[in-house]
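Undergrad: According to TrEMBL, the protein carries these features:
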DOMAIN    3-42  domain 'Acyl-CoA thioesterase-like N-terminal HotDog'
DOMAIN    117-219  domain 'Acyl-CoA thioesterase 2 C-terminal'
Amino acid sequence: GDPKVPVLYEVERTRTGKSFSVRSVKAIQHGKPIFICQASFQLSQGSPVQHQYTMPAVPPPEELLTQEELIQKFLQNPNLAERYRKHLNKIQAEDVPIDIKPINPPDVFCSEPQEPKQLFWVRARGYIGETDMKVHCCVAAYISDYAFLGTALLPHRQYRIKFMVSLDHSMWFHAPFRADHWMLYECESPWAGGCRGLVQGRLWRRDGVLAVTCAQEGVIRVEQTPNQSKL
């Protein structure tokens, strides 16, 4: 999309039922659709049929460094190659409205393949408060897309990325939550191939409740020549 051009939203009432309703939204710029969304809504209903996965056991966020602190730690190494220094400085300069604390941050000096799994503590910066739950859902949607597709690249860290973009992104909201409170973001990639990667994610509240499940498929193109050493 073009941030300088207004977006026209077309909403179609796809279905309106007693318990479930569906709306289709098309975002248009320059006469062409740039985004298509299908949203499903349900009236609150109780049921004895309920279960969930178990939240992973991880250190609390208070014991971990933020992404900014980790990057600053890497930048203090005098042996860091200049192009990686520029890349980290670029990340550091981004105004990302999310607090992020990786559980097991990948070693920037190592290009060895890693298991396609990541764990982060995440929250929106600033105070959102006890507002409409839809606001927290919108913020969680933004949070869920950050570094999500990169999980599929962890087993292939020897390659340099040429192009990476999301094809589709799905989310299911299970329980109320506060996007400005710490939540554990569990990401994993079960498959990659054909210049595509699939990732799945779960956002957990600190009390162990599974609040959100998400999935994304994206295009991943890399240079065929592996990266040189970062040292």
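Glycine residues also receive a Cβ, built from the backbone N, Cα and C atoms like all the rest.
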Undergrad: Could you give the number of helix, strand and coil residues in the domain 'Acyl-CoA thioesterase 2 C-terminal' (117-219) as assigned by DSSP?
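TA: Residue counts for the domain 'Acyl-CoA thioesterase 2 C-terminal' (117-219) by secondary structure: 21 helix, 52 strand, 30 coil.
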Undergrad: For the domain 'Acyl-CoA thioesterase 2 C-terminal' (117-219), provide the mean pLDDT of the predicted model.
TA: 96
